[in-house]
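Working notes, beginning with the structure itself.
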Ligand code: ATP
Ligand code: MG
């Protein structure tokens, strides 16, 4: 039998994992500057954590969730997204209390699971990096979160980004809009996809998010949420736009945009990139919005929140398509060439000593001939080779060669063991 990874999963191998590490390190660094702390929550939660929050007409809950009963008959689900678990943890650990400074700002990174049809940038196990900020209603906080998302993608070298912005208003706005949408969609009932027919009365906003081409044609003429906003919701949205303007962040208002999760209200946004690597047109890499009410939904007090989630696979595909250069921080400093069986113990000690001194080092373990070892050193692009044969062993020395200049020096082993950094600086720069 041949073993294969499950459909919709991926192995991330050296060569690509460097890009992942660069993304993660850049994100951590930037999040720290914005003063977001890291939170790590379980990869599975009680099923209700997601079913209650994502919405029971959402694709996530109806089609995509990996849920199962464990051996104790608990109904669990692999997390399909990050926010619900973070909110659950926020409530369970009473982080809403006066002991924490508000807004309470956290970030996460890790795998998410959705049963979807795999394609480029769409997997069953995928990864998100996301942020959440709790405890403030200020539109400026929405903008801080959006600015952070933009800042991150720009810092990672992405260009041709588009920020799409919309508001879903508050509950009163949405109730009014909901009715207008039902009135508009009902005459088209027979033409709608099966999913949309089911959703029309349960949750008509979902119809706007339909992936069905004919549904999309119909909703193109649907009424706009922007015409149903309460004065308060209107004011919030106006301030978000003014703050984005003040920061010089360009955006397009897309009044038909809704999100795949039910918990959003007020500001929602998507940052999209235009790259053929992810199919035609713009693809969303990072998406989020405000979710006032979600903390209450999971048993906490009234406490507003806003955040985003970013798809790492899509990001990495874009970075590779745009050939974004990574800092090379795992170059090989020294390759140790051992000649003859007798030297093996000494090369083992040397390779360890050089690593101890803070440099990267490698040696041969396959009994290769000296010529092949030098070839390996070249292929690995070593800065130096350190060669030791029977004679050097007897003399307690080794030959250090600068591979770029070809310069060679004989160095006492004792010096190497004492301070390899000094051997290198004294040996090659002091002349
Ligand atoms: P889509 O409309 O593409 O299905 P979504 O609305 O379901 O996206 P969100 O739940 O907002 O996506 O997730 C945020 C981001 O996570 C997406 O913009 C995308 O980059 C990424 N993402 C979502 N689902 C997947 C998946 N199955 N595989 C890879 N990345 C994903
Ligand atoms: Mg989806």
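In case you wondered, yes, glycine gets a Cβ from its N, Cα and C as well.
Quick look at what TrEMBL lists:
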type: DOMAIN; residues: 20-327; note: domain 'Aminoacyl-transfer RNA synthetases class-II family profile'
type: BINDING; residues: 81, 82, 83, 114, 128, 132, 259, 263, 264; note: L-histidine binding site
The predicted model's mean pLDDT over the domain 'Aminoacyl-transfer RNA synthetases class-II family profile' (20-327) is 95
For residue 128 (L-histidine binding site), the number of neighbouring Cβ atoms whose distance to its own Cβ is within 10 Å equals 23
Longest inter-residue Cα distance for the L-histidine binders 81, 82, 83, 114, 128, 132, 259, 263, 264, rounded to the nearest angstrom, is 21
Listed in sequence order, the residues of the same chain lying six or more positions from residue 81 (L-histidine binding site) whose CB sits under 8 Å from its CB are 50, 54, 60, 112, 128, 261, 309
Residue 128 (L-histidine binding site) falls, by three-state DSSP, under strand
Here the 10 Å Cβ neighbour count for residue 264 (L-histidine binding site) comes out at 26
